[in-house]
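**Student:** Can you keep this structure in mind? I'll have questions shortly.
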């Protein structure tokens, strides 16, 4: 196929797209929604999964002691914890260190100034770090034994575990909803594009017959419809990429409210750092749907 012939075929594809512009607009908008939904759910799932893994890796267990607990009891307890193979580090925090740490926190500065170091109400504690985040449940169970109850005031891990479980549950839910919505919109997009190409073929039926009579080969007749499907994918990718950031600004505040954490920066940074990958994924999916639907329609409705 010469360059001149290819140029003519490409122009025919653009002409088809513009001639049925309302149908083309509908097909492009549906594909745009499809790509947006796939991208948004994929990004949110990846960001939340990475955040959850990061939190799990940094998570530790803090054991706060009653004032009645003696130093010997705490030291013995610390040795028992450190002897476990799944424990990486055990750090003792005295009342004085707890007060200094409290003063360094923005929320505690004003209150800390009112605390008399000689009557420090902050408890002594042990910070326990695990070799692997998966071991935290087992360590927490060990720390919660009745043997240690008289000297232990509270173990912080239970509160942290609620946050982690909520993140894991939300990630699982998001994956399922994302697959469902993506599948539905991919199906709708395929049906719309199939019907758009079919209607284009039917409206050009006489023109195609004339092209056959004057000796046009099969490729000259088929390729413009393939280019039409290609245009759906490319234009939808450009539009969806433009509106993706707007979509993030709408969705991330809802995620922040539900999870009690700020995901806006993570989503923005992820989008900026992986822009080419996201754009490449969208354009591949868009072109695959567009060309695939065109080929199916051509095979079914265009006898060439």
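Numbers run from 1 along the shown chain.
Cβ coordinates are placed from backbone N, Cα and C, and glycine is handled just like the others.
Annotation comment: TrEMBL describes 21-48, 177-197, 230-255, 275-298 as transmembrane segment. What TrEMBL lists as domain 'FtsX extracellular' is 60-143. What TrEMBL records for 180-303 is domain 'ABC3 transporter permease C-terminal'.
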**Student:** Please list, for the domain 'FtsX extracellular' (60-143), how many residues fall into helix, strand and coil according to DSSP.
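**Tutor:** Taking each residue of the domain 'FtsX extracellular' (60-143) in turn, the totals are 43 helix, 18 strand, 23 coil.
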**Student:** Given the model, what does the mean pLDDT over the domain 'FtsX extracellular' (60-143) come out as?
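**Tutor:** Across the residues of the domain 'FtsX extracellular' (60-143) the model's pLDDT averages 81 on the 0 to 100 scale.
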